[in-house]
Amino acid sequence: MALSRGLRCCQTVFSWIPVLIITAVVLWSYYAYVFELCLLVYLLVFHVCFVMFCWTYWKSIFTPPATPCKKFQLSYSDKQRYEMEERPDAQKQILVEIAKKLPIFTRAQSGAIRFCDRCQVLKPDRCHHCSVCETCVLKMDHHCPWVNNCVGFSNYKFFLLFLAYSMLYCVYIASTVFQYFLKFWVGYLSDGPAKFHILFLMFVALMFFVSLMFLFGYHCWLVAKNRSTLEAFSAPVFVNGPDRNGFNVGVRRNLQQVFGDNKRMWMVPVQGNGHYFPLRSQNSESHNPLLANEDLWEEESDDGSEEGSLGEST
């Protein structure tokens, strides 16, 4: 037990190393740009980029992964009935009966209702269990070591903005330092401490920009298709079988799912529900438009009328 606790403690410590590396590089870049180079003309825009980068990075790291709400947990009686039943087919049927009351449309590869034995919850659509966070995460995309957090519904917008502002930060540094880099390179300016900082600012900014460009481009493609990284590798399974475009409802509505309805807030890291998503199939769109209002769903569940409407859409 003590050994296991010690290993877990070591794992926690080591998991913060990538975050500390990025933090150290960014703090050094701030010192080099502001105090060593003192490019006063560019400092206002530089600080805007720096603040937005720090804000989105902070939100990506410290926004807890969203987990399924209590409605997806088995009630005491259902849990007892499920655990006492030894036949796998009968257990699957119990889960099917429970799922009829919930907005669940995806299935496991076997066609069964997706159920997490470790968290003891029926998995909402696009929800997956993260072995690192040890919990089920709504609309899980991936576990990112560079933010030491699970990227999912609660912080996917923040993660995308973090990538965008990281690129902007790198581009701004590289573009404003480039003229001084050339002057030092051809010997127009004397050697000094600033030369070291200019050389490494250019190198680090360009290196990070290239790597971020590919990652950000990939996630832009995922957003346009309304897929997570997990769904890009393994298509979600519906009642009628796998469908890689099952959640693709058009670029505009796909963007709204990630960034929100208010376009003026798209570039600001402020965030909505991750238990259900609009489906592309005609059955879902005709009988279940958007399924996007949690308050409406809660009201329906209180008066017992949701079972008919959700059952019809499945």
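We count from 1, first residue shown onward.
Glycine too: its Cβ is placed from the backbone N, Cα and C atoms.
Listed in TrEMBL for this protein:
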type: TRANSMEM; residues: 12-33; note: transmembrane segment
type: TRANSMEM; residues: 39-58; note: transmembrane segment
type: DOMAIN; residues: 113-233; note: domain 'Palmitoyltransferase DHHC'
type: TRANSMEM; residues: 158-182; note: transmembrane segment
type: TRANSMEM; residues: 194-218; note: transmembrane segment
type: REGION; residues: 285-314; note: region 'Disordered'
type: COMPBIAS; residues: 295-306; note: compositional bias 'Acidic residues'
(request) Grab the same-chain neighbours of the transmembrane segment (39-58) for me: Cβ-Cβ under 8 Å, and only residues 6 or more beyond its ends, written as numbers and ranges. (result) 22, 26, 30, 33, 147, 158, 161-162, 164-166, 168-169, 172-173, 176-177, 269
(message) Do any residues, 6 or more residues outside the transmembrane segment (12-33), come within under 8 Å Cβ-to-Cβ of it, and if so which ones?
(response) 39, 46, 50, 53-54, 57, 61, 132, 145-148, 173, 177, 197, 200-201, 204-205
(message) DSSP on the domain 'Palmitoyltransferase DHHC' (113-233): how many residues come out helix, how many strand, how many coil?
(response) 69 helix, 16 strand, 36 coil
